[in-house]
Ligand SMILES: NC(=O)C1=CN([C@@H]2O[C@H](COP(=O)(O)OP(=O)(O)OC[C@H]3O[C@@H](n4cnc5c(N)ncnc54)[C@H](O)[C@@H]3O)[C@@H](O)[C@H]2O)C=CC1
Ligand SMILES: O=C(CO)COP(=O)(O)O
C-alpha cells in the first residue's frame, strides 16, 4: 500500500522532495511553519526557493502539522531538535538535513534517540531533483526492516536509493562535505587553481574518513554517494551554497556581507566549528576543517590559511 508522506520544512530541499514524491504518485503533504508563506504557495503553486518549478496539483501544502506514515525532516540542522518536539509520535523519521548541531556537536541521527529514524543523504541539488533529473542517494539506518520499508516508499524512477546500515558514516559525509566545499570555493575564488582544488577534495576526504573511523563508521561509506559523491558535487557544483560562500570569501568578500545577501541556509558555517570540536574530543586531526573554522571566525585570512595548510609537517599519504 502507498505510504502517506509528510515533508517537514518547505525550503528548497523539502519542496524538491515533496514535488518528486508527489509526481511519483505518493500521497504527500508539505508542511511549512509560516502560515502566510503557505497561503502564498497554495495560491501561486510555486515556492520562491525553487523558482520556475510548479508544485504538482496533488501536493497538499499546509501550516498545520499533518498525520502521515513517514515524516521527512528537511529543516536546517540547527532547527532539528526543536522540530522533533512538534511531531506526532511513532511514525518513522527520515532525516534530510546535513550538519552538526552547535553546542552538542552531534550528527542528526545522534539527536533522535527515542524513535525510529534513518538518514537520507547524497549528491542531490534540490533544483535538479525538483525537475526530475536522475540522481542517487543513500538511505541509512542500522534497522534493516526499516531500511527496506523506507527505500520502497521513497525511491522513484529518477531517484535511485541505495541502502546502508552506516547511518553515522553517511550523516558525517553529508555534514563534513559542506565544510570542505567552503574550502574548495575559497581556492577557486582566490584563483589558486584546479590542482589545489583536487588536492583539497582528496585530503578533505581523508580527514572525513579519519573521523568516520573514530566514530565507528565504515570505510566504504566514505567512497560512496554520501561521502565522495556529495563531496565531489558540492566542491565542483557552482550552485552549491557552501561552495559559493567560499568562492566569495576567496574573492575578498566578508562573511557577514555574503550571509546578509542570502536567505537560504549555508550549513558549513555552523558545522565547521562543531566538526572541529567533535574531532578534537576524539583526537582526530582535521587540518582543512581547522583552516575553514579559522577563516570563518576571522582568526586567519585566505593567504594565512593557505600558508598554514601548505606548511604542515611533511608525511606519507
Ligand atoms: N538545497 C539542497 O540542495 C539540499 C539541502 N539539504 C539540506 O537540507 C536542509 C535544509 O536545506 P534547504 O531546504 O536547502 O534550506 P532552505 O534555506 O532553502 O530552507 C530551510 C527551510 O526551513 C525552514 N525552517 C527553518 N527553521 C525551521 C523550524 N524551526 N521549523 C520549521 N521550519 C523551519 C525555513 O523557513 C526554510 O523554509 C539543510 O540541512 C541542507 O544542508 C540536503 C540536500 C540538498
Ligand atoms: O547538499 C547539497 C548537495 O548534495 C546542497 O549543497 P549546498 O547546501 O552547498 O548548496
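Every residue, even glycine, has its Cβ placed from backbone N, Cα and C.
Those TrEMBL annotations? Automatic predictions, nothing curated.
What TrEMBL says about this one:
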type: DOMAIN; residues: 4-144; note: domain 'Glycerol-3-phosphate dehydrogenase NAD-dependent N-terminal'
type: BINDING; residues: 13, 33, 98, 126, 241, 265, 267; note: NADPH binding site
type: BINDING; residues: 98, 241, 242; note: substrate binding site
type: BINDING; residues: 98, 122, 177, 230, 240, 241, 242; note: sn-glycerol 3-phosphate binding site
type: ACT_SITE; residues: 177; note: active site, proton acceptor
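Residue 267 (NADPH binding site) and residue 242 (substrate binding site) have their C-alpha atoms 7 Å apart, to the nearest angstrom. In terms of C-alpha distance, the listed binding-site residues 177, 230, 240, 242 place 240 closest to residue 126 (NADPH binding site). In this structure, the C-alpha atom of residue 230 (sn-glycerol 3-phosphate binding site) lies 28 angstrom from that of residue 33 (NADPH binding site). In the vicinity of ligand 1, defined as a Cβ distance under 6 Å, the following of the binding-site residues 98, 122, 126, 240, 242, 267 are placed: 98, 126, 267. On its own chain, residue 33 (NADPH binding site) has 63 as residues at least 6 apart in sequence with a Cβ closer than 8 Å to its own Cβ. Taking 13, 177, 230, 240 as the candidate binding-site residues, the subset whose CB lies under 6 angstroms from any atom of ligand 2 consists of 230, 240.
Shown are the binding-site residues 230, 267; of these, the residue with the fewest other Cβ atoms within 10 Å is 267.
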